[in-house]
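Worksheet: one structure, shown below.
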């Protein structure tokens, strides 16, 4: 039976996700509705993607009985309101990362989903790429020996993107790029809570975080470190090292297709790319979409690959890092 999707917001990421859904078998995935805060934009999006219903408010989509799961692709500060609206209407939700601007927002969404017995997942698409799955297998098999350190970098000059430097929209490196680094390190170390976090960073002239380096100390004297930046080009790779060798996800590590394990290079081809994708390796969104369908058809309320407790942990870490360099957003409760 097809999973019936409703798309909340009509931005670039929503366009890519919708295009990818429509490359999948219609017997498994169908986009039945789209909503924007402007009906004309929703209708334009619906026409472009051949979606039967267009709504001029998120409330209308949430109330549509034909929508089974909502994909929330709004900008960061609008995530919580849209997610809460959809959950209140009884919908399962896949919410773009970061799920919330801060940990309090994430906990509020998680509490709501659990109290209503509804599925909620943060769309950390990286974890569902075959290269990431292969890395998890390598770690599970102990191929690298006793783990010692994980390292990730994600940086590019995004100062030409208004949202990336917009303080009011919770811009900056950490929430846009750093979350990919943190989730990698967390995945490597099994979702453990770090014992200590050390931070160095600089703020952008607009008040958002510009370039940040973080050291995470974990139980068992292992550690992870990452650097993220919206002004500097970095290697955009992620690696984990142990007593028997190293594994590395090559650039682009946030949507990886290449994995090197102890010098052995493996490439994982992506599905065909839909026309006019806005983001690198956009076709890889199909993996998370398939995972959501599998979870819902099994009756699961959260993903075993990115459980809600880990979404809460990632939010805790990112918030602590932000506060350490003096970056707070309007959404933060003081």
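Going from the start of the chain as shown, residues are counted 1 onward.
Note that Cβ sites are derived from N, Cα and C of the backbone, with glycine treated the same way.
If you look up Swiss-Prot, you'll see 71 (among others) marked as site 'May play an important role in coenzyme binding'. Around the Cβ of residue 71 (site 'May play an important role in coenzyme binding'), a 10 Å sphere holds 27 further Cβ atoms from the protein chains shown.
As annotated by Swiss-Prot, site 'May play an important role in coenzyme binding' applies to 79 (among others), with the evidence given as similarity to another entry. Mapped onto three states, the DSSP output places residue 79 (site 'May play an important role in coenzyme binding') in helix. Sequence-distant contacts (6 or more apart, same chain, Cβ under 8 Å) of residue 79 (site 'May play an important role in coenzyme binding') comprise 72, 95, 96, 98, 99, 100, 101, 105, 109.
Annotation for residue 97 (site 'May play an important role in coenzyme binding'): spatial neighbours 122, 123, 124, 179, criterion Cβ-Cβ under 8 Å with sequence separation of six or more. Under DSSP, residue 97 (site 'May play an important role in coenzyme binding') is assigned to coil, being neither helix nor strand in the three-state scheme. Taken from Swiss-Prot, the feature site 'May play an important role in coenzyme binding' covers 97 (among others).
In sequence order, 124, 126, 152, 154, 228, 253, 254 are the residues of the chain that are 6 or more apart from residue 180 (site 'May play an important role in catalytic activity') and have a CB within less than 8 Å of its CB. Under the DSSP three-state reduction, residue 180 (site 'May play an important role in catalytic activity') is assigned to helix. Residues or ranges marked as site 'May play an important role in catalytic activity' in Swiss-Prot: 180.
A strand conformation is recorded for residue 71 (site 'May play an important role in coenzyme binding') in the three-state DSSP classification.
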